Amino acid sequence: MRIKQSEFIISAVKPHQYPIDHRNEVAFVGRSNVGKSSLINSLTNRKKLAKVSGTPGKTRLINFFLINNDFYLVDLPGYGYAKVSKSEKDTWGKTIETYLSHREELKRIVCLVDSRHKPTGDDIMMYEWAKHFGYDVVVVATKSDKLKNAEFKKSEKLIRETLNLTKDDKLYFYSSLNKKGTEELIDKLFLEFATDID
């Protein structure tokens with residue numbers, strides 16, 4: 001499929017602010033600075049659709065983007081940034097938890113991890129939480145352009161072991177810089193929710 005149209009719809013904190021048109025939703029979640037906004041912009045081929053912040057942890061809202069007038073891509077606040085207060089972290093955590101635990105329209109969670117590093121405790125907790133509640137979960141390892149060819153297998157092994165992924169669990173490597181495999185990744189993440197698959 002091709003993403004022909006992508007549109008920012010609303011930023012939300014509370015459930016009453018979420019869209020009410022019952023379209024399917026695919027949520028992106030990951031720690032601050034994992035490259036979530038860059039990935040969204042790359043997949044949609046829109047340089048400024050999701051704001052890329054130079055300050056980790058600045059995105060505090062749930063952002064809903066309508067894709068091909070068909071389904072929502074949902075950008076969740078980044079977690080794990082050390083330089084914010086505990087109360088702010090708690091607030092972000094509750095915002096994410098409220099959305100993930102009560103959203104019938106949510107069909108898939110895309111967990112982002114940094115391909116260069118071992119997944120953090122927060123990454124593990126988020127992945128296990130998503131699996132526990134029965135969501136279809138896809139792991140995308142970002143910034144793969146930073147890896148040498150010989151490092152891919154080592155990185156994949158480390159991520160799979162740390163997150164306790166099975167052979168059937170989905171893990172994809174992606175670079176927003178070189179965009180290799182963009183079409184394949186779009187299909188893997190969104191195709192089953194699309195009505196226009198051209």
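All residue numbers here begin at 1 and follow the chain in the order shown.
Just so it is clear, glycine is given a Cβ too, placed from its N, Cα and C backbone atoms.
In Swiss-Prot this protein carries:
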DOMAIN    22-195  domain 'EngB-type G'
BINDING   30-37, 57-61, 75-78, 142-145, 174-176  GTP binding site
BINDING   SER37, THR59  Mg(2+) binding site
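This view paints the features noted in Swiss-Prot onto the structure.
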residue: GLY30; record: GTP binding site; DSSP class: strand
residue: LYS36; record: GTP binding site; DSSP class: helix
residue: LEU61; record: GTP binding site; DSSP class: coil
residue: PRO77; record: GTP binding site; DSSP class: coil
residue: LYS143; record: GTP binding site; DSSP class: coil
residue: TYR174; record: GTP binding site; DSSP class: coil
Mean pLDDT across the domain 'EngB-type G' (22-195), rounded to an integer, is what? 89
So what sits near LYS36 (GTP binding site) in its own chain, CB-to-CB under 8 Å and at least six residues off in sequence? PHE28, VAL29, GLY30, ALA50, ASP75, GLY78, LEU112, THR142
Write down the Cα-Cα distance for SER37 (Mg(2+) binding site) and TYR174 (GTP binding site), rounded and given in Å. 13
Using a 10 Å cut-off, grab the number of neighbouring Cβ atoms around the Cβ of TYR174 (GTP binding site), all chains included. 24
Cα-Cα distance linking SER37 (Mg(2+) binding site) and LEU61 (GTP binding site), given in Å to the nearest integer: 13
Alpha-carbon spacing, PRO77 (GTP binding site) to SER37 (Mg(2+) binding site), which is rounded to whole Å: 10
With every protein chain in view, how many other Cβ atoms are within 10 Å of the Cβ of SER37 (Mg(2+) binding site)? 20
With every protein chain in view, what's the tally of Cβ atoms within 10 Å of the Cβ of LYS143 (GTP binding site), excluding that atom itself? 22
